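As recorded in Swiss-Prot, the features of this protein are as follows:
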ACT_SITE  29  active site
ACT_SITE  68  active site
ACT_SITE  84  active site
(Lines of atoms letter the chains of each structure in order from A and count residues from 1; the text may use other names and numbers.)
(Lines give C-alpha, C1' and ligand atoms only; values in the text may rest on other atoms or scores of the structure.)
Protein backbone atom coordinates (compact mmCIF):
# COMPACT_ATOMS: atom_id res chain seq x y z
CA UNK A 1 0.00 0.00 0.00
CA UNK A 2 1.35 3.40 -0.93
CA UNK A 3 2.13 5.93 1.76
CA UNK A 4 -0.21 8.89 1.14
CA UNK A 5 -2.32 11.49 2.89
CA UNK A 6 -3.36 15.12 3.11
CA UNK A 7 -0.84 17.82 3.92
CA UNK A 8 -1.35 21.46 4.99
CA UNK A 9 1.39 24.08 4.48
CA UNK A 10 2.41 26.48 7.24
CA UNK A 11 3.34 29.17 4.68
CA UNK A 12 0.06 29.25 2.79
CA UNK A 13 1.01 32.41 0.89
CA UNK A 14 3.75 30.45 -0.95
CA UNK A 15 1.38 27.75 -2.16
CA UNK A 16 -0.28 28.07 -5.58
CA UNK A 17 -3.50 26.13 -5.64
CA UNK A 18 -5.97 25.10 -2.97
CA UNK A 19 -3.95 24.46 0.23
CA UNK A 20 -6.78 22.25 1.53
CA UNK A 21 -6.36 19.82 -1.38
CA UNK A 22 -2.66 18.94 -1.12
CA UNK A 23 -2.09 15.18 -1.26
CA UNK A 24 1.28 13.53 -0.87
CA UNK A 25 1.61 10.15 -2.58
CA UNK A 26 4.83 9.04 -0.89
CA UNK A 27 6.91 9.90 2.16
CA UNK A 28 9.38 11.44 -0.32
CA UNK A 29 6.72 13.88 -1.56
CA UNK A 30 5.71 14.71 2.02
CA UNK A 31 9.34 15.47 2.92
CA UNK A 32 9.76 17.63 -0.19
CA UNK A 33 6.53 19.56 0.53
CA UNK A 34 7.88 20.35 4.00
CA UNK A 35 11.24 21.37 2.52
CA UNK A 36 9.55 23.70 0.01
CA UNK A 37 7.33 25.20 2.71
CA UNK A 38 10.26 25.92 5.07
CA UNK A 39 12.88 26.99 2.52
CA UNK A 40 13.14 30.80 2.28
CA UNK A 41 14.70 30.49 -1.21
CA UNK A 42 11.44 29.02 -2.54
CA UNK A 43 8.96 31.84 -3.12
CA UNK A 44 6.11 29.83 -4.70
CA UNK A 45 5.19 26.21 -5.32
CA UNK A 46 2.31 23.91 -6.16
CA UNK A 47 1.57 20.19 -6.12
CA UNK A 48 0.01 18.65 -9.24
CA UNK A 49 -0.90 22.14 -10.48
CA UNK A 50 0.87 21.75 -13.85
CA UNK A 51 -0.98 19.44 -16.26
CA UNK A 52 0.97 18.37 -19.34
CA UNK A 53 -0.64 16.59 -22.30
CA UNK A 54 1.40 13.73 -23.77
CA UNK A 55 1.04 10.74 -26.08
CA UNK A 56 1.44 7.41 -24.30
CA UNK A 57 3.02 4.99 -26.76
CA UNK A 58 2.41 2.02 -24.44
CA UNK A 59 -1.36 2.65 -24.59
CA UNK A 60 -1.51 4.30 -28.01
CA UNK A 61 -3.49 7.31 -26.78
CA UNK A 62 -3.30 10.85 -25.50
CA UNK A 63 -3.07 11.25 -21.73
CA UNK A 64 -2.53 14.00 -19.15
CA UNK A 65 0.52 14.13 -16.90
CA UNK A 66 0.07 15.82 -13.52
CA UNK A 67 3.56 17.08 -12.65
CA UNK A 68 4.42 16.36 -9.00
CA UNK A 69 5.75 19.86 -8.24
CA UNK A 70 5.95 23.27 -9.84
CA UNK A 71 8.17 25.70 -7.93
CA UNK A 72 9.78 29.12 -8.28
CA UNK A 73 12.94 30.16 -6.47
CA UNK A 74 14.02 33.61 -5.28
CA UNK A 75 15.89 34.26 -8.56
CA UNK A 76 12.61 33.84 -10.44
CA UNK A 77 13.62 30.51 -12.00
CA UNK A 78 10.75 28.04 -12.31
CA UNK A 79 11.09 24.27 -12.07
CA UNK A 80 8.99 21.20 -12.84
CA UNK A 81 9.98 18.50 -10.34
CA UNK A 82 9.08 14.83 -10.68
CA UNK A 83 9.81 12.64 -7.64
CA UNK A 84 10.61 9.06 -8.60
CA UNK A 85 12.54 6.06 -7.28
CA UNK A 86 15.97 5.92 -8.94
CA UNK A 87 15.09 2.46 -10.26
CA UNK A 88 12.28 3.95 -12.38
CA UNK A 89 14.57 6.58 -13.92
CA UNK A 90 16.71 3.99 -15.71
CA UNK A 91 15.82 1.42 -18.38
CA UNK A 92 14.94 -1.97 -16.87
CA UNK A 93 17.55 -4.72 -16.94
CA UNK A 94 16.52 -8.05 -18.42
CA UNK A 95 16.60 -10.72 -15.69
CA UNK A 96 19.23 -13.45 -15.93
CA UNK A 97 16.67 -16.20 -15.32
CA UNK A 98 13.37 -15.80 -17.13
CA UNK A 99 10.98 -17.41 -14.70
CA UNK A 100 7.30 -16.60 -15.12
CA UNK A 101 7.45 -14.13 -12.23
CA UNK A 102 10.65 -12.52 -13.57
CA UNK A 103 9.10 -12.14 -17.05
CA UNK A 104 5.99 -10.52 -15.60
CA UNK A 105 8.04 -8.15 -13.44
CA UNK A 106 10.28 -7.26 -16.40
CA UNK A 107 7.26 -6.56 -18.64
CA UNK A 108 5.78 -4.29 -15.95
CA UNK A 109 9.11 -2.47 -15.64
CA UNK A 110 9.27 -1.99 -19.44
CA UNK A 111 5.72 -0.59 -19.42
CA UNK A 112 6.53 1.81 -16.54
CA UNK A 113 9.73 2.93 -18.27
CA UNK A 114 7.86 3.58 -21.54
CA UNK A 115 5.12 5.61 -19.84
CA UNK A 116 7.62 7.59 -17.77
CA UNK A 117 9.85 8.45 -20.74
CA UNK A 118 6.83 9.63 -22.74
CA UNK A 119 5.79 11.87 -19.82
CA UNK A 120 9.29 13.23 -19.32
CA UNK A 121 9.78 14.03 -23.01
CA UNK A 122 6.54 16.04 -22.98
CA UNK A 123 7.50 17.77 -19.72
CA UNK A 124 10.99 18.63 -21.02
CA UNK A 125 9.57 20.00 -24.28
CA UNK A 126 7.01 22.20 -22.50
CA UNK A 127 9.59 23.31 -19.93
CA UNK A 128 12.03 24.39 -22.65
CA UNK A 129 9.31 26.40 -24.43
CA UNK A 130 8.46 28.23 -21.20
CA UNK A 131 11.96 28.74 -19.79
CA UNK A 132 11.28 26.26 -16.98
CA UNK A 133 13.83 23.69 -15.79
CA UNK A 134 12.63 20.08 -15.59
CA UNK A 135 14.24 17.89 -12.93
CA UNK A 136 13.70 14.33 -11.75
CA UNK A 137 14.38 14.03 -8.03
CA UNK A 138 15.26 10.57 -6.67
CA UNK A 139 15.98 9.29 -3.18
CA UNK A 140 19.61 10.38 -3.63
CA UNK A 141 18.65 14.02 -4.20
CA UNK A 142 16.18 13.92 -1.31
CA UNK A 143 18.87 12.59 1.03
CA UNK A 144 21.12 15.47 -0.04
CA UNK A 145 18.30 17.79 1.12
CA UNK A 146 18.14 16.05 4.51
CA UNK A 147 15.69 13.18 4.01
CA UNK A 148 16.37 10.50 6.63
CA UNK A 149 13.69 7.90 5.86
CA UNK A 150 13.81 4.75 3.79
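Placement of Cβ uses the backbone N, Cα and C atoms for every residue, glycine included.
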Residue 29 (active site) CB neighbourhood, other CB atoms within 10 A:
23
Distance, residue 84 (active site) to residue 68 (active site) (CA atoms, angstrom):
10
Alpha-carbon spacing, residue 84 (active site) to residue 29 (active site), which is rounded to whole Å:
9
Number of other Cβ atoms within 10 Å of the Cβ of residue 68 (active site) across all protein chains:
23
